[in-house]
Amino acid sequence: MHSVMEEFGVKNEKIGVLISSAYVLGLGFGPFVFAPVSELYGRQVAYFSSQFLYVVFSLGTGFSQNMPTLIILRFLCGCWGSPPPSLGVATCADIFAPHERGKPISLYALGPMGGPVIGNMVGYWLLFGGWRWAYYFITILSALNLTLLCLILRETYAPAIQKILTHRATHPLASSSRFGRYVPVLSWMPAMVSRADAKAVYGRAFSRPPRLLFTNPVAFGFSMYYGYVYGIIYLFIIGLPLLYGKAPYKQDNLFSYQWPLGTMGLAYISLGLGFLIAAAVTSTFQDRIYKHLSKVNGDKGQPEYRLVMTQIGMCVMPLGLFIFAWTANAEVHWIAPCIGQAITGLGLMLAFNTLQNFFVDAFYPYSAAAIAGATATRSVIACVLPVFVPEMFSKLGWGWGGTLIACVALVGVPGPIVMFFRGQRLRERFAFQG
């Protein structure tokens with residue numbers, strides 16, 4: 001951020017923060033387009049088209065000549081890069097039965113949660129080659145990912161598969177083509193939606209994510225907390241350089257450990273360690289808890305059974321935030337706030353993982369729309385929250401600034417308990433019809 005600001009002559013740090021905030025905002029906007037596309041035409045269409053555009057615009061960011069261009073391109077990269085973190089969970093739901101989803105979704109969640117952590121660790125080392133190389137590196141990885149998608153990815157959404165098979169039966173040339181796997185993107189799309197029904201179908205599909213988010217209190221309430229959990233990750237991304245870095249990262253009135261640039265990325269390891277432990281815990285125990293509670297209740301599975309571990313995560317996360325805040329405030333050895341970061345990461349991942357599973361189970365077959373609404377919420381919060389982080393810590397200090405964040409997190413603690421006992425009744429009362 002500071003390298004870009006220096007090259008473009010920008011002195012306002014809030015404008016610099018917009019480089020990451022614009023990308024996160026794009027991650028929230030994109031699912032409102034690609035979730036309906038995936039439900040109309042299948043997951044393949046959404047993945048292939050978005051990843052191709054992401055590679056193009058990601059390359060463009062590396063050649064940006066001014067700050068407005070860079071911010072706009074970062075927003076567009078967020079839009080095109082949104083299907084994997086938002087639709088990936090829906091793809092898992094397409095493949096696995098409810099009692100089997102815990103492990104794959106837990107492992108898949110390491111991507112959107114661990115990506116910002118690993119990205120910042122690698123990013124500080126790439127800065128030695130100039131900030132543009134960070135975007136060139138992303139472009140290279142994205143191009144490789146697009147190649148793998150084209151070679152490996154199959155359609156997983158059952159309604160789309162049914163339409164494709166029907167079209168193949170009436171169009172033998174499509175199924176006999178060497179490029180049959182790619183034909184859905186090129187020629188089968190018009191057969192997915194008839195012209196007579198197009199207006200009604202498109203209107204219903206593209207309005208589904210906001211309708212679900214704003215008319216269903218269950219979806220709205222958990223989306224708010226889901227967003228806050230994700231926002232805390234970006235709070236750490238902006239806040240950790242203030243605590244561990246030298247100038248220009250540190251602020252004069254805030255204590256800092258003053259690590260050099262080459263080692264500053266290591267500050268994110270403890271947060272990532274918490275994510276890994278949580279992923280191991282949820283992938284091991286989430287489905288076991290679900291199966292046990294289903295068996296106890298007459299072999300009837302309920303989405304609320306996922307919330308047992310959500311409750312644990314919501315209690316652990318504020319504890320980690322308190323430890324991080326007051327050990328940093330006390331200016332003790334750097335290992336102490338790192339322990340707080342690891343505990344916070346553990347709580348974040350427990351809550352994030354299990355809430356994703358809850359959305360999928362509670363709103364299937366409209367899980368893509370449910371995740372799209374939740375992703376939009378988390379992205380708006382994660383976009384706005386970091387803008388105020390430096391000023392908040394500067395005025396309140398590490399101790400009270402972290403306490404404020406932890407106290408807001410405590411507000412959501414009763415949610416899973418209430419939903420565990422009243423969730424089925426609420427879902428039936430506000431049943432979503434698509």
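Yeah, the Cβs are placed from backbone N, Cα and C, and that goes for glycine too.
TrEMBL lists 1-427 with the feature domain 'Major facilitator superfamily (MFS) profile'.
Per TrEMBL, transmembrane segment is recorded for 15-34 (among others).
Residues or ranges marked as transmembrane segment in TrEMBL: 105-127 (among others).
According to TrEMBL, the transmembrane segment annotation covers 133-153 (among others).
Taken from TrEMBL, the feature transmembrane segment covers 225-245 (among others).
Same-chain residues lying 6 or more positions outside the transmembrane segment (265-285) and placing a CB less than 8 Å from one of its CB atoms are 102-103, 106-107, 109-110, 113-114, 117-118, 120-125, 233, 236-237, 240-241, 243-244, 259, 309, 313, 320, 338-339, 341-350, 353-354. Residues or ranges marked as transmembrane segment in TrEMBL: 265-285 (among others).
Annotation comment: TrEMBL describes 305-326 (among others) as transmembrane segment. Within the same chain, residues 102, 225, 229, 232, 274, 278, 281-282, 285-286, 289-290, 293-294, 336-337, 339-355, 357-358, 361, 398-403, 405-407, 409-410, 412-413, 415-417, 419-420, 423 sit at least 6 positions outside the transmembrane segment (305-326) and bring their C-beta atoms closer than 8 Å to a C-beta of that stretch.
Here TrEMBL flags 332-352 (among others) as transmembrane segment.
Marked as transmembrane segment by TrEMBL: 364-388 (among others). Within its own chain, the transmembrane segment (364-388) has Cβ neighbours under 8 Å at 14, 17-18, 20-22, 24-29, 31-32, 34-36, 38-39, 78, 82, 85-87, 89-90, 93, 158-159, 208-210, 212-213, 219, 222-224, 226-235, 237-238, 355-356, 432, 434, counting only residues six or more beyond its boundaries.
If you look at the transmembrane segment (400-421), the same-chain residues 6 or more away from its ends with a CB under 8 A from one of its CBs are 218, 221-222, 224-225, 228, 232, 235, 304, 307-308, 310-311, 314-315, 317-318, 321-322, 324-326, 328-329, 392-393. What TrEMBL records for 400-421 (among others) is transmembrane segment.
Ranked by the number of CB pairs under 8 Å to the transmembrane segment (15-34), the listed stretches 105-127, 225-245, 332-352 are led by 225-245. Counting same-chain residues at least six beyond the ends of the transmembrane segment (105-127), those with a Cβ under 8 angstroms from any Cβ of the stretch are 3, 84-85, 88-89, 92-93, 133-134, 137, 233-234, 237, 261-262, 264-266, 268-269, 271-272, 275-276, 279, 282-283, 286, 348-349, 352-353, 356-357, 360. Long-range neighbours of the transmembrane segment (133-153) within the same chain, counting only residues 6 or more positions beyond its ends whose Cβ lies under 8 Å from a Cβ of the stretch, are 43-44, 47-48, 51-52, 54-55, 58-59, 61-62, 122-123, 126-127, 182. For the domain 'Major facilitator superfamily (MFS) profile' (1-427), the model gives a mean pLDDT of 84.
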